[in-house]
């Protein structure tokens with residue numbers, strides 16, 4: 001994997017930094033594992049904007065990823081690594097011994113030809129998936145379930161991982177990248193290793209148009225608006241003279257946004273500042 005800084009042949013190329021991975025498959029994706037992906041433009045079924053700054057962008061096919069890893073005790077071989085436009089991580093196409101193919105998240109260190117397996121008796125090896133009850137304390141894992149059988153929900157983006165720091169009764173304690181420590185049922189399944197493509201954070205888009213390709217529209221500052229459009233709007237200067245708020249008047253600096261009190265008891269320590 002190489003980090004390439006583009007030559008300043010134009011204003012739009014001057015600051016571009018690309019991540020080039022020669023190991024990625026250059027052909028088309030595996031068609032049976034593709035699905036349609038329709039654009040919403042940030043609108044709901046009423047046609048009202050529910051998420052701002054979304055619209056346009058290149059068309060994409062959704063890749064059906066196996067987050068559950070529920071094909072147990074059947075070895076699989078990595079056929080190829082692929083780019084996925086729907087996530088920051090790369091994905092791997094694996095061929096199971098019974099002939100079925102699936103996409104999985106590509107962990108760091110996984111190469112074409114490697115053998116992986118899911119199941120309670122799988123060895124502790126990068127890419128293998130098994131219940132956290134059977135994973136040694138101190139191990140680094142990704143694609144971690146919050147509920148048994150629901151599929152991985154934690155640590156799925158590029159470079160993400162979680163560390164198992166304790167096992168007590170029916171629960172294991174995890175340390176997340178944010179610094180949060182939380183308990184999860186030991187029967188939940190996780191995959192050994194960390195997600196690959198950790199250099200993703202080093203890329204620089206270099207121009208506004210690159211964000212438009214991704215379907216992200218411009219974000220206008222509230223202080224640049226009129227009073228009718230935003231609480232920060234209006235006035236003769238740039239100072240809006242109040243605590244920062246959203247367009248709907250809700251505090252925006254440090255206000256807690258978590259509402260699921262039912263699972264608060266599983267959080268041992270809140271994330272660090």
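Each residue, glycine too, has its Cβ placed from N, Cα and C.
For the region 'Disordered' (221-262), same-chain residues at least 6 beyond its ends with a Cβ under 8 Å from one of its own Cβ atoms do not exist. The feature region 'Disordered' is assigned by Swiss-Prot to 221-262.
Annotation comment: Swiss-Prot describes 253-262 as compositional bias 'Basic residues'.
Residue counts for the compositional bias 'Basic residues' (253-262) under DSSP, split into helix (H, G, I), strand (E, B) and coil, are 2 helix, 0 strand, 8 coil.
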